[in-house]
């Protein structure tokens, strides 16, 4: 085996087991331990017993050298190509098979879900009599066909939505960095094989089960996918537990590196990994309802209860009163069939279809925007979003940083000027020390090894480190010995503490080679780069541009602070580069455990010499200002939550439109006594800015957050529209989200791309990650913007609101004809002794065919002009059906439609010689000879009258459909024929329902079985006037709402 370097030896020391909290898998661990006792001495893979297979893992118990021997690999060469091909052929792809889908439950939901169960009840009762007549059989067959067709529709739509989102998932490139043939290579995670030497760094997802063979002292993992706990788990090189799931020297598939770096050897992939075994043990996936599906299910229960109540009431009234008081009025079979109309009329059959269709529409729209939505309920929730907390770097900004300025305590330089003056003697001498820190204290690396130094090569690493690395690689000044290749060949890295969002600095310890030692004053250097406000207190000296060192006095500190403020106010991130000699520190890197070295470096982080400052620019994304403006117009407050310096964060916030006010409040304004008293007696759910309040801006730092009390948060959430949180830690980001969620009934979304954003992404109502972000962030998020397009959030908000808006329109369209006009027809038959104005067949036909067709057209409605200017919907209190909804349904449209349809019935009867009182309160008098008519004539009158009633409903609904397309805007500004609200499917739906009516009335077979009949031409024309009247009345209502926005009519408007 190859000899490892001193740095490798140092990192290969045992990480103390008392560092951190032991991970706990109580139930699973006990089961595995029990299994281990029963296992035979020789391990044997048993795929049918996943927990036994996990218990057989012993790679964590052997030494590191034995790991390389067992898997025939090398720490420096890795696997050769031929070995990779052989292992890929025998081991297969590194893919975990998805859990089984609950097809039985899905099919049952398709068949019995929604309002289908009411159809089943109607189907059963239509066959309840021993020898059901042909009419009843026809109703039963129609109902069964409707159930089958609707179930098939649900299945196709569900499959289509799932397929679309699955295709988007394939756009996420899950990669892994391995050593093969002696070179670092980035490959697809699917192509990882057993024996691969895997390199992991902060933010990476572990693509396979690995045994850790090298680790930084600060290595930490997020194992929450396995344990459910979000605590960071330290990594180690030696076994800390005999249980493979608990030991810290194994990194398991789908866990994340949240801090540090490590190297490991792959020992299990795909279904044979621990996660693959656990998935196999977990069985089938759980079926969950989306937000809108839960809302519809809530409405379904209410409507179904009403339908069953009316159905039972009608049966009881017939049995207890009509059967005895008016014998011969209705037979048991007729009463049963007439009562079935109660079930079908109350059930808005088009609603479940519309809900199912909405999922496909959302999926297609999001897929077109290259947005991965893990659960389509996310988009529905986005429609309710009231606060958006956004990270800065990589989310609001491009995430591609570049060093713009270099400063020493006595001079300031543009990088472009330094590049042009490379060969000139005017270059500052201190640039040599600054270049040394920039190149050697850096966590980024070039993806491919090459002798050709080219700063344009692809860099892997943090955006800040990548920018500093590109800067260091681009600077070559031979006269000052500023050259990256020379620097790397003459210095050896002994130890490193990577950057993390808590410390806000990175530390490297380097040693000059023996030849270099002769020309340098120091042999061993501590190099540190990080946030100036964090490192300045540790600096006692400062380097001038000529390379001389002076004590750091007050004037120097003031000068450096002013420079930092100036750069930050331009939106630049400022880095301080410092160093100190460690020649006088007694330590032995080869013998000291890594944790001891880390503690030593922390203790020696003082007496630093500030070499210089770097100004790094990360421009805002081009689409962000417009997107932020649109989101804010939608009533959503946009907060910035970043770890960056306050002035930098505020400058970017101004550039993207998060902060618009000249005056920005601070913590002192929050703690103004009179303001705090204003929220003392206000309920938490009511703490939010009023619409009449002026826009107020606030900036707070992480230090401010440490001092905040509950009453301070009341002021922040309740008073301010624009807030910037700067210099925050991951824990503080999490607290910000939780405090906002606890007040004002807020639905909080969080955007981010880094490891430090993951806790807040998980805690939010909607987590949104950038496609270029870390694996940790993408796993924690509910939605991933694969193309890093921030404006996709606007589309998602719009889609969430549009789905809810269109579903409400569907309901307002369905209910006036269904639970009002049709129910009224049954009501007159039962209580007023009138022949049934609408037959059960035509009721079923209208509910399951006409309504469904028209509901589908409404789901393709485009957003109304004011959709993104309304206040966010409160997900907890604003339901699909509220009191305004019922006023529109029952006291407005329904109150016009029912009399119109009923008047057509009476008009036709009047034309046949039967007046109003000749039709009403007749009961069992409607027999042969009544008013001089034969029973065949009376039956014909009823058949034609029922068809007239049906046609009147169909055509009147055209007016209702055109009316509900807009809440408050006139149809003249949003017509369906052209313009931004074009929806030609409206007319296709009208034609479809007219065709259904024609077939129902004029189909010879249907006439014979269901008693339908042709109707006079005038009754095809008059209902169009009713439709126009309904539309006109609604146009007047909308005009009044627009003209008098504070009137009682406006307050009642849906």
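Here the Cβ of each residue, glycine as well, is placed from N, Cα and C on the backbone.
Between the listed ranges 1015-1033, 1034-1052, TrEMBL ties the annotation transmembrane segment to 1015-1033.
Annotated range for transmembrane segment in TrEMBL, selecting from 336-362, 363-389, 390-416, 417-443: 336-362. Segment annotation: TrEMBL labels transmembrane segment over residues 881-908 (candidates 881-908, 909-936).
In this chain, the transmembrane segment (984-1003) lies out of contact with the transmembrane segment (107-128); the count of Cβ pairs under 8 Å, excluding pairs fewer than 6 apart in sequence, is fewer than 3. Long-range contacts of the transmembrane segment (296-321) within its own chain (CB-CB distance under 8 A, at least 6 residues past either end) are made by residues 114-115, 117-118, 121, 289, 330, 335-336, 338-340, 342-343, 345-348, 351-352, 355, 807, 811, 819, 823, 826, 830-831, 879-881. Across the candidate stretches 134-157, 336-362, 881-908, 941-964, the maximum count of CB pairs under 8 A to the transmembrane segment (984-1003) is reached by 941-964. Most Cβ pairs under 8 A with the transmembrane segment (941-964) among the ranges 134-157, 336-362, 881-908 are made by 881-908. Here the transmembrane segment (134-157) has Cβ contacts under 8 Å with residues 106-107, 109-111, 113-114, 116, 119-120, 122-123, 126-127, 333, 336-337, 340, 349, 352-353, 356-357, 359-360, 840-841, 844-845, 848-849, 852, 1009-1011 of the same chain, all six or more residues outside its ends.
Helix, strand and coil residue tallies for the domain 'Cation-transporting P-type ATPase N-terminal' (58-131), in that order: 42 helix, 1 strand, 31 coil [DSSP]. Taken as a whole, the domain 'Cation-transporting P-type ATPase N-terminal' (58-131) shows an average pLDDT of 84 in this prediction.
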